[in-house]
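Colleague: Structure in structure tokens, see below.
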Amino acid sequence: MANVTVVGAQWGDEGKGKIVDWLSNRADVVVRFQGGHNAGHTLVVDGKVYKLALLPSGVVQGKLSVIGNGVVVDPWHLLSEIDKIADQGVAITPDLLILADNACLILPLHRDLDQAREAASTQKIGTTGRGIGPAYEDKVGRRAIRVADLADPEALKPKIERLLAHHGALRRGLGLPEANAQELFDALMELAPRILSYAQPAWRVLDQAYKAGRRILFEGAQGSLLDVDHGTYPFVTSSNTAAGQASAGSGMGPSATGFVLGIVKAYTTRVGEGPFPAELFDEVGKHLSTVGREVGVNTGRARRCGWFDSVLVRQSVAINGIHGVALTKLDVLDGLKTLKICVGYKIGDKVVDYLPAGLRDQAAATPVYEEIEGWTESTAGARSFKDLNANAIKYVRRVEELIGAPVALLSTSPERDDTILMRDPFQG
């Protein structure tokens, strides 16, 4: 049986939470391998709504859930999320949740820096202000505080001093007060016992599970178009969101990551700043926003909406090595008489079939559309392909042709069971 790696193939918010929740019912282990608590997702299980940002979706199913070394972890947020889910009846014990002992921590000074930079910048990136970017900077700069450091208070003190020496200059330049080393140390020591109860060498646990033949589901956050290398830079997140990160961010070899499932909305959305060639500002855009309930789980920010962009998704299919996609929110298109799919970009007097890396070309790109007849019948709640109307089926098939990948799963509502299985990712 194959393991499965789930990645967003657009700008995030594609419905990964529901799909991972659906797949985790058939998995033994669920792993987060990058990002932080900047990308929330909503799960609806038996009518109960769970909002997660850092915990792997498998916790709701009672599956072994791992926060890998590629994730940057705000320990205060993690404990808050654990408590919130516990209040909903799901106890998150150390037997259920494993936190990689070599994962790096997000600290209050990272949030301060993130928010101050965004406020001072004339070019807004659209950061959530939760400290993810600055935490990754410290990780790459080899000055981060890691989970394992909490177990050695004496060694932690000089690490904090070194970290604050770096941040001191940054804070002064942004008009922020000096951070207090003792206060940070005391705050970390206060939560250390509880955080350390979840800490283990995650790579070792995963290696043992893999060798035992257990099904592993790798859960990506954000989307491929937000990847720090392959996304619409600089309007991106601070981590690699592509499928290749599943290996590096979990401690497992590339051969273990299995079937790559890209999650794709039947239209396109984006939060924050940055290029969006197929964005809509008309009544159709309002329809997608309203019917699709396009508001960020974490931030409450309205998402920008547009037609399905096959150019971008085809690019994501190539970069991630996607074997199949889960097409979500098909039901949001119900009632639209005419649908459009972006099949290319006009830049000056040229038409291209990919999104260039340069900001000037990205800003100049105007969409080339193909029109498809819509439908008035409802697709909401459909659980079989034969339940879909002819035009909805034509739309799905055309999407497959344009992106160069088959639709493996089709989602027709936020409910877990309103999912059509067309190809089992766990069968490879």
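Cβ atoms are placed via backbone N, Cα and C, with glycine included.
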Colleague: Among GLN61, GLN115, GLN222, GLN315, which is the one Swiss-Prot gives for the IMP site where ASP13, GLU14, GLY15, LYS16, ASN38, ALA39, GLY40, HIS41, THR128, ARG142, THR237, ARG301 also bind?
Modeller: GLN222
Colleague: Could you measure between ARG301 (IMP binding site) and GLY12 (GTP binding site) for me? Cα positions, answer in whole angstrom.
Modeller: 14
Colleague: Where ASN38 (IMP binding site) and GLY12 (GTP binding site) are concerned, what is their Cα separation in Å, rounded?
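Modeller: On Cα coordinates alone, these residues lie 11 Å apart.
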Colleague: Sorry to bug you, but what's the C-alpha spacing from ASP13 (active site, proton acceptor) to GLY40 (IMP binding site), rounded to the closest Å?
Modeller: 8
Colleague: Using ASP13 (active site, proton acceptor) as the reference point, find which of the binding-site residues THR128, ALA302, LEU330, THR412 has the shortest Cα-to-Cα distance to it.
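Modeller: That would be ALA302, the closest of THR128, ALA302, LEU330, THR412 to ASP13 (active site, proton acceptor).
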